[in-house]
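As annotated in TrEMBL:
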type	residues	note
BINDING	60, 61, 62, 75, 120	substrate binding site
DOMAIN	66-265	domain 'Radical SAM core'
BINDING	79, 83, 86	[4Fe-4S] cluster binding site
BINDING	85, 86, 87, 122, 164, 165, 166	S-adenosyl-L-methionine binding site
BINDING	88	Mg(2+) binding site
Ligand SMILES: C[S@@+](CC[C@H](N)C(=O)[O-])C[C@H]1O[C@@H](n2cnc3c(N)ncnc32)[C@H](O)[C@@H]1O
Ligand SMILES: Nc1nc2[nH]cc(C(=O)O)c2c(=O)[nH]1
Ligand code: SF4
Ligand SMILES: [Mg+2]
């Protein structure tokens, strides 16, 4: 671990500790049990300017056009979708974390000394205070990437919109999760909202998670409806192990190339394994 990583993680750790000590006074801590129905749990009793954060860390961007760029990651907790394959269930299916203010997060980024910031989740665009956080990060000279499923637009502007529209096959099992299956299907693909997000961003990449070749016609249709150029489209294998990535590449990469799309690996899994905080 680099010095910067150690500083950032220590900072977050000590903040969590402080917040936990404060719990018995008047600041609730959201280290939460399973809340199957929660989008952003604890919102009703939280200070207006705080965000529920599951983790922050310094790492290299593992996906898309900035792959390899050292970045500070801020992962908000809570999501309005429930993809069956979600690789961060601790920020979606069972959202957990601590409440940090916009000022806490600005300080954390400044202390890291890293100028690329990645806001991810969960779904960062449903987090209260996210627009103010992003605006202030950019005024301070940071490059801000937003990793989002693009289902809502809170009026945000960023340097790189990393949009990952969710396909039909991402819907959770109807029998096990009837409420979320319905909500997921209703919410996952608002094309006009996505177009608005694209228009407001300095640059956009569109990353589709692909689990099977059957999904390619649906991807082509979404690309057509979003009116984006093929070279901004990335096909990324569904998977959280090197074995899954290696199995997908031989069939998925040629499909991307054929369409003028790019193939997208998930380098963080190759570099660090599927571990939190990387
Ligand atoms: C955890 S999501 C958080 C941001 C936002 N909710 C979204 O889905 O774009 C971050 C990125 O991981 C991708 N992702 C999540 N689970 C995955 C999996 N099992 N395989 C491949 N990519 C995955 C998402 O599509 C997205 O590009
Ligand atoms: N290294 C690294 N790169 C990433 N790119 C997108 C990520 C995400 O979870 O949104 C991610 C992540 O969690 N780690
Ligand atoms: S939208 Fe993103 S965070 Fe939410 S469940 Fe799907 S992959 Fe996970
Ligand atoms: Mg990830």
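Backbone N, Cα and C define each Cβ position, glycine as well.
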What average pLDDT does the predicted model assign to the domain 'Radical SAM core' (66-265)?
98
From the Cα of residue 62 (substrate binding site) across to the Cα of residue 166 (S-adenosyl-L-methionine binding site), what is the distance in angstrom?
19
How many whole Å apart are the CA atoms of residue 122 (S-adenosyl-L-methionine binding site) and residue 62 (substrate binding site)?
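Residue 62 (substrate binding site) has its Cα 17 Å from the Cα of residue 122 (S-adenosyl-L-methionine binding site).
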Output: those binding-site residues from 75, 83, 86, 87, 122 whose CB lies less than 6 Å from an atom of ligand 3, in sequence order; none if no residue fits.
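By the Cβ criterion, which requires under 6 Å to ligand 3, the hits are 83, 86, 122.
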List the other residues in this chain whose Cβ sits within 8 Å of the Cβ centroid of the [4Fe-4S] cluster site residues 79, 83, 86, in sequence order.
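Here the nearby residues are 81, 82, 85, 88, 89, 92, 93, 122, 149, 170.
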So which one is it: of the binding-site residues 60, 75, 166, which has the fewest other Cβ atoms within 10 Å?
60
From the binding-site residues listed here (62, 75, 85, 86, 120), select those whose CB sits under 6 A from an atom of ligand 2.
62, 120
May I ask for the distance between residue 120 (substrate binding site) and the residue listed as 'Mg(2+) binding site', taken between their Cα atoms and rounded to an integer number of Å?
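The Cα atom of residue 120 (substrate binding site) is 10 Å away from the Cα atom of the residue listed as 'Mg(2+) binding site'.
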